[in-house]
């Protein structure tokens, strides 16, 4: 294989009858068929639940490089479920993924996922455990007739881009230093506690000097 990208140029040392140790990939097409059959079998087994599994939350990708994009996460946090009014044990039984390790670090993410849960709950057709004795919250007989298995992801997460109209760049925007501003904001956030502590100590020393 030809070297790709900025990696080290390899010097392969072929000894010990290397032709018998070549990694082959002849099972690839059969493995593809096997995966497809497994997906179809699972879809039949869990019908009429969605074939792609439970609903996932909207999360932001980590690091500065990717945090402008959103994607589907692992599971909803316990706080999101509490605000949406869904018990964590009930959530898993009605096709909602739960991740107790996740923490909400912003109000926006919390509100977005709570709204997502409420929308999902409004669209959900819930089958009664006993058809003869439906409980509160179960769907009506008319709604049950409309139920079909969803094949794609449940409420897929999409990145929405808002196009801006072309306009003249202002002088203020030309003089604005984006990178320096971000670095300064990060430095201020990092040093906030240390600066507050130093200011408090300086104030205490001034009080002692006045005495």
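The count begins at 1 with the first shown residue.
Glycine is no exception: its Cβ is also placed from the backbone N, Cα and C atoms.
Model, not experiment: these values are computed from the prediction.
Listed in Swiss-Prot for this protein:
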type: CROSSLNK; residues: 123; note: SUMO2 cross-link
type: CROSSLNK; residues: 145; note: SUMO2 cross-link
type: CROSSLNK; residues: 174; note: SUMO1 cross-link
type: CROSSLNK; residues: 174; note: SUMO2 cross-link
type: CROSSLNK; residues: 177; note: SUMO2 cross-link
type: MOD_RES; residues: 16; note: N6-acetyllysine
type: MOD_RES; residues: 52; note: phosphoserine
type: MOD_RES; residues: 77; note: phosphoserine
type: MOD_RES; residues: 106; note: phosphoserine
type: MOD_RES; residues: 177; note: N6-acetyllysine
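Across the structure, residue 77 (phosphoserine) and residue 106 (phosphoserine) place their CA atoms 13 angstrom apart. When the C-alpha distances from residue 174 (SUMO1 cross-link) to the recorded positions 16, 106, 123 are tabulated, the minimum falls on 106. Taking Cα separation as the measure, residue 52 (phosphoserine) is nearest to 123 of the recorded positions 16, 106, 123, 145, 177. A straight line from the CA of residue 145 (SUMO2 cross-link) to the CA of residue 123 (SUMO2 cross-link) spans 14 Å. The number of other Cβ atoms within 10 Å of the Cβ belonging to residue 77 (phosphoserine), over all protein chains shown, comes to 22.
The C-beta environment of residue 106 (phosphoserine), restricted to residues of the same chain at least 6 apart in sequence and closer than 8 Å, is empty.
Calculated from their C-alpha atoms, the gap between residue 16 (N6-acetyllysine) and residue 123 (SUMO2 cross-link) amounts to 63 Å. A distance of 47 Å separates the Cα atom of residue 123 (SUMO2 cross-link) from that of residue 177 (SUMO2 cross-link).
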